[in-house]
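Over in Swiss-Prot, the protein carries these features:
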type    : residues                                                       : note
BINDING : His116, His120, Asp311                                         : Fe cation binding site
BINDING : Leu139, Val140, Ser141, Gly142, Gly143, Asp172, Gly185, Asn283 : substrate binding site
Amino acid sequence: MRILGIETSCDETGIAIYDDGLGDSPEGILAHRLYSQIAVHADYGGVVPELASRDHVRKTIPLIKEVLADANLTPKDLDGVAYTAGPGLVGALLVGCSIGRSLAYGWELPAVPVHHMEGHLLAPMLEDDVPEFPFVALLVSGGHTMLVRVDAIGEYKLLGESVDDAAGEAFDKTAKLLGLDYPGGPALSKMAESGEAGRFKLPRPMTDRPGLDFSFSGLKTAAGTLVRKECLNLSDSDLKQTHADIANAFQQAVVDTLAIKCKRALQQEKLSRLVIAGGVSANTALREQLAITTKKLGGSVFYPRPEFCTDNGAMIAYAGLQRLKAGTDADLTFKANPRWALDSLPPVK
């Protein structure tokens, strides 16, 4: 079966076609295109929802045409249309939902609304080395940080989540404090590479108590306090190094916090396989630390290739195909669901 996937939940327009006849591997991705709105939002220091929606309107249909041409296919060669229905920015979601549902109707194909975080969770299934069920998943991005027990597709148990800022959001806000341009998360990670480890110490939030929830708001505040305290009356070279040292301390605090919680989750659920997905899962320091953590537990860690860590159409196409094979076909009264609980999804039978 072949399915078109449409992703428009935030500030990236992702379109892909996936064919399960080629297996759960990179070869199943017949074509994919991704358009990022970084240039649109850079002057504002963050995503402007109205501008995001308008840009999705401008780019979605042209990208669909390009992906069909890349795969040398026509709509008659497809078996369904999948689109992100939530969570995300409601205006951005409505663009993808309306286009996806309309195309499915016009092409006389099933329409499959997809949960954005289920797409991220299943993204490692697009690799050659795929995890077996059950496993613990760490979903970590700009909008979400959560730990989930996964027994099968659609069988999800929420173990813990952020009670305030997501990890990716904390990265971006701290990067702004350090004078880095939007999007700041990757830039902060790059800056941290030249920082002196151990010069500054920041807290590991909520690791001193039981439970698997996260909190990054206080860590962001602590980093801001450190910037204001340590970055006064410095030469340009000293300021640059101090910023790098603070970036290193911040990143290590986030990585340690995530690793501690992942270890707890694996031990609590008596599992050995860990999946990490979402934009922050591309962070090299996080991958290295979680590899060490799982190895000590006799387990292993799985993650998507970097290009599929961020929002993309391939993960939506793959997740949508699993739902399509289970009989999902949305009626014409579709809706966007900006606050859609992952553990409310029905299992795939």
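Each residue, glycine too, has its Cβ placed from N, Cα and C.
Annotated features, which come from Swiss-Prot, shown on the structure.
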residue	record	contacts (Cβ under 8 Å, 6+ apart)
His116	Fe cation binding site	Glu7, Ser9, Thr84, Gly86, Pro87, Gly88, Asp311, Ile316, Trp340
His120	Fe cation binding site	Leu139, Ser141, Ala277, Gly278, Met315
Val140	substrate binding site	Met146, Ala166, Ala167, Gly168, Leu258, Ile276, Ala277, Gly278, Gly279, Val280, Ser281, Leu286
Gly142	substrate binding site	Cys10, Ala166, Gly168, Glu169, Phe171, Asp172, Gly185, Gly279, Val280
Gly143	substrate binding site	Cys10, Pro87, Gly88, Ala166, Gly168, Glu169
Asn283	substrate binding site	Ser189, Gln251, Val255
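Gly143 (substrate binding site) falls outside any helix or strand according to DSSP and counts as coil. The residues near the Fe cation site, meaning same-chain residues not in His116, His120, Asp311 whose C-beta sits within 8 angstroms of the mean position of the site's C-beta atoms, are Glu7, Ser9, Thr84, Met117, Gly119, Ser141, Gly278, Asn312, Met315, Ile316, in sequence order.
For Asp311 (Fe cation binding site), the count of additional Cβ atoms within 10 Å of its Cβ stands at 26 [all protein chains shown].
Around the Cβ of Asp172 (substrate binding site), a 10 Å sphere holds 24 further Cβ atoms from the protein chains shown.
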